[in-house]
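Working notes, beginning with the structure itself.
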Amino acid sequence: MAGKSKILFIGGTGYIGKFIVEASAKAGHDTFVLVRESTLSNPTKTKLIDTFKSFGVTFVHGDLYDHESLVKAIKQVDVVISTVGHALLADQVKLIAAIKEAGNVKRFFPSEFGNDVDRVHAVEPAKAAFNTKAQIRRVVEAEGIPFTYVATFFFAGYSLPNLAQPGAAGPPNDKVVILGHGNTKAVFNKEEDIGTYTINAVDDPKTLNKILYIKPPHNIITLNELVSLWEKKTGKNLERLYVPEEQVLKNIQEASVPMNVGLSIYHTAFVKGDHTNFEIEPSFGVEASEVYPDVKYTPIDEILNQYV
């Protein structure tokens, strides 16, 4: 049997990237992270860089805007995982061009890690970001690059500390805002589990040219259920303030960045139901907890305990 794939990360020091890099190294993959000199010398990244070094991660000097450095880095590996942030999504075409030239990549994971962008009903500004991700998918497919798209839905560490309250610094004390009627199911995943599931998919033929949906059964919940679970844990009832879609849309239009971004993403999930309003067909996707039943994921019930 062939050894484990060598993996190159672009955006590996970012929010979700660091969890996937760690999962890669811990799973025994030769793990490479493309970094600029400025990242290595950035004091805010020192601790993370040291942690990566302790895992045996190799840093490769390069830049998304330096074609030669990209091609050189890509030629050392089998798999490329992009976890670049919102501002760099469109510039992944540069990465795709380098992958195409290098000619050796067995799998490319573009920066997704959210909704399935081909199955959304979004309004601006979320719509623009989703459209960019969808355009990147089409370029990958047109170039014939083998791929896996990872749909993770909500990051638990982002959305659960404040019970998915837009813009709130912590959990609600007396009142809780619920977008829509509160009975639409959404998905929340722990970042470490996202890392584990993503790395499991790297060498798996079942995820080749497919979407990997991370939708474990105990991580699918409505806002009403989430609030009830929180009330049970804290022993304190909250007044529920329901915001109809018309008002949600108005709030999005009136809000500034980043509040409007967060609200528009929550709108797709909690009002439109875009996490759970379609069936996963074998022709285009697989569900992570079904294909990797041995992964012990953290259910929402357990994740919430750390915020009580």
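Note: Cβ is positioned from N, Cα and C throughout, glycine not excepted.
Classification of G17 (NADP(+) binding site) by DSSP places it within a helix. G17 (NADP(+) binding site) is surrounded by 23 other CB atoms, counting those within 10 A of its CB over all protein chains shown. Under the heading NADP(+) binding site, Swiss-Prot lists G11, G12, T13, G14, Y15, I16, G17, R36, K45, R137.
The feature active site, proton acceptor is assigned by Swiss-Prot to K133. Annotation note: K133 (active site, proton acceptor) sits in a helical segment as assigned by DSSP. Around the Cβ of K133 (active site, proton acceptor), the number of neighbouring Cβ atoms within 10 Å comes to 24.
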K45 (NADP(+) binding site) CB neighbourhood, other CB atoms within 10 A: 16
Cβ atoms near Y15 (NADP(+) binding site) (within 10 Å, other residues, all chains): 14
Cβ neighbour count (within 10 Å, all chains shown) around G11 (NADP(+) binding site): 24
Other CB atoms, at most 10 A from the CB of T13 (NADP(+) binding site): 22
Pairwise Cα distance maximum in Å, NADP(+)-binding residues per record: G11, G12, T13, G14, Y15, I16, G17, R36, K45, R137: 30
Rounded Cα separation (Å) that holds between G17 (NADP(+) binding site) and K133 (active site, proton acceptor): 17
Rounded to the nearest Å - Cα separation of Y15 (NADP(+) binding site) and K133 (active site, proton acceptor): 18
